Structure formats: structure tokens, C-alpha cells
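Engineer: Starting off with a structure, shown below.
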Amino acid sequence: MPMRLENYCSPEEWEKIQEFSKDKETPFLVVDLEVIRQKYQELTTCFPIAKVFYALKANPGAPVVNLLRELGSNFDIASIFELNRVLECGVEPDRISYGNTIKKAAHIKYAYDKGVRLFATDSKADLQNIAEQAPGSKIFVRILVEGGETAEWPLSRKFGCHPDMAIDLLVQAKNLGLVPYGISFHVGSQQKDIAVWDAALSKVKYMFDWMKFEEDVSLKMINMGGGFPANYISEVNPIQIYAEEILRYLHDDHGDDLPEIILEPGRSLVGESGVLVSEVVLISRKSRTDLNRWVYLDVGLFQGLIETLGEAIKYPIYTPKMDERVQEGTVVLAGPTCDSADIMYENSHYQLPLNLAVGDRLYWLTTGAYTNSYSSVEFNGFPPLTTYYLE
Ligand SMILES: *Cc1c(COP(=O)(O)O)cnc(C)c1O
């Protein structure tokens, strides 16, 4: 896999990040807010009919929230702590969706008292809690959909319910004085197969019809979740192709009269904004004839690279020595902690220059999503990943 920096980073962006990073001690994450701005504009251009609810968990940093608030985004939150973050940044409660189906009654009340009126659910117990703690709110029910096979970071199984049960919940919502508002799904993060949206939307269409003709309830909204890709090593279609296809599915099902459409992007909005700067701590071989070098870095699974678990997300990695055209060899890449799970890539056969040395910098590209938010607090004493935001 020949690594070409220009496939991941424009020369101007690289220049800016290099200049900023040069005297700082690694490891750290640099997030270029300009990239998020471009990604947001690209998405809203491709999906002019959709309302964007940024999934905060991808990067909950205040500068990211502030930027997206200014750009007009709405926010998908998973806890009252994320709720507090967006409220502190001045986001109005009618721009917030409580999208986690797993929540304490007390937290539902907290959100309701702050003005949140849009809630996800996928179970009777949670629906009951919402009816009691957040009376009159709008409800959308999350359904189970396929997609686990072709998503690099699947999100299915834990959330969502079968469409038949979702219908029961929507009927019950009405009986409990709530507003049965819509249906949501998430096809899995970094979803490479666009056709899974087609299958999910067919289920949604069936439910819209059922609710209308059998229950006399007209649902108003489809929440298509996230799943749109960021640019890692494996090839993906551009967002324009996702949008064209998905809009076609929507119009095939609903004609010209589309319901309200919500998107909840996380990874695709912020992933490409980040470069994680790390340094080689040690290079060794495990035997005299070992073909692989073990390269130990000052970042690992506990400083933001948790999505390398199972080697699921394959980040592009760059070091300036790659431009010297020296021969490259296979490496195992591991982090600095005493946990033997702290190995990023052993089976993916990453190639790095043979003259790589201790102290060299390795740049992890497309690390703006699901890195700093996942970083541990002080495992082995290592501090959480420092993040800098560039305008
Ligand atoms: C994580 C999550 C998202 C964001 O998914 P991406 O694949 O990062 O875009 C959206 N909606 C919900 C409910 C989520 O849990």
C-alpha cells in the first residue's frame, strides 16, 4: 500500500499542521477546523433536503461544536454530559436530539427541563420513562437494520428493534400522550456498501404505510443516522455518490413529497480534520531472523487509537522519510503501555522505511473522529490525548 500524503491532506493543510507542530512534544492531535467547515458544506450541498444533527461523540471539543453551531448544524447527543457541552456552547435546545436509546429516567427529566423535546427509543421501558419525564415530546423509534458485514465499525445489534415492535412502540407513544414522530436507523459506521440504506429505507417505507393505513398516524421524519465514510486506507465512494443513491431510494419510496430527513454524521464530518502526531520510542526485532520490525510509539489504543481494535480502522500513516524513496519493510505497530492489547497493527502489514529511527515522527492521518473522545484518563500514567484546534 504505497502511501501518498496528497491523497489525505492538501499541501496548504499539511504546511499549516507542520508549522504548528514542529516544536511541540508528541503525542498530540491537531484538528483543522477549516476541513470540518468544508465537509459540512459538502454534505449540505449533497443533501440539500436534510437536516444535519452532528453526532457529538465523534469529537465533542467546544471549538468543533461552536463551528458547527455557527454553520447551522443541529446536534445528536448521547448523554446529559454531551447535552451540557452543547448548551454551554450556546446551542438552543430545539436543535438537540437525545439519540441514545439507553438513558436513566433522571437524565430524561434533566434534558426535558433544559428544553429538549426530541428523543430516540427502542424499548417499552424507555418509552414509559420518556412519557413520564418528558411529556408531550416527539419520539422516533430506532429499528434494527443490516449492514454489520460491510461497516468497518459496526453499530448494529446493541441498538434498535424489529420493525413490528417499533410499530407497537409508536402506537404506544401516541397512547401515552407523546408524538409518534419518526423512525431512525444506523447502518454501521464507515459503511462501504451504499445499498444497505436501500434495504433500511424499504423497512421504513413499510412502517410509514402501516402506521398511516392501519393506525391513522402519519409519521413525519426519517433519521438516517451516520455511517458516511472518512478517507482511510481502504477505498470508499465519495459522499456525492452516497447522496445521489440515497436520494434516489428516498424518491422511489416517497415520491416528491419527502418526509423530514435527518442525518447524524460523525466520522464523515470530522475524521479528515485530524492529524495525530506521534514519535517512535523504540524499534526492535523479536529474534535474530525476525522479518518484522516492532515499532513502538508514544501513542496507542489508550491515547486515542482504540478504533484499531481488531485492526478495524486502518489509518493512513506518513513519515517524511517516505519521500526519500528508501526501501520499506513490514512493521508491527504498538503503543507505549504495559497492556499487551496495545498493538495497533500486526496483521495489516504496514510498510515503513527501513531507515526509520527512534525519535522520528509518524503522522496518523484522518484521525479527527473517535480519537480524543476515546482516550483514557491515566492508564500507566499517560495523560489523555492533547488536542489543538486550528482555525
Ligand atoms: C455514532 C452515531 C452516529 C455517528 O455515526 P458515524 O458513522 O460516525 O457518522 C450517528 N447516530 C448515532 C445514533 C450514533 O450512535
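Using N, Cα and C of the backbone, Cβ positions are placed for all residues, glycine too.
So TrEMBL lists the following for this protein:
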type: DOMAIN; residues: 35-270; note: domain 'Orn/DAP/Arg decarboxylase 2 N-terminal'
type: MOD_RES; residues: Lys57; note: N6-(pyridoxal phosphate)lysine
type: ACT_SITE; residues: Cys338; note: active site, proton donor
Engineer: How many whole Å apart are the CA atoms of Lys57 (N6-(pyridoxal phosphate)lysine) and Cys338 (active site, proton donor)?
Structural biologist: 27
Engineer: Please name the residue among the recorded positions Lys57, Cys338 whose C-beta has the most neighbouring C-beta atoms within 10 angstroms.
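Structural biologist: Result of the Cβ crowding comparison: Lys57.
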Engineer: Could you give the mean pLDDT over the domain 'Orn/DAP/Arg decarboxylase 2 N-terminal' (35-270), rounded to a whole number?
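Structural biologist: So the average pLDDT across the domain 'Orn/DAP/Arg decarboxylase 2 N-terminal' (35-270) works out to 97.
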Engineer: What three-state class does DSSP give the residue listed as 'active site, proton donor'?
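Structural biologist: Assignment for the residue listed as 'active site, proton donor' reads coil.
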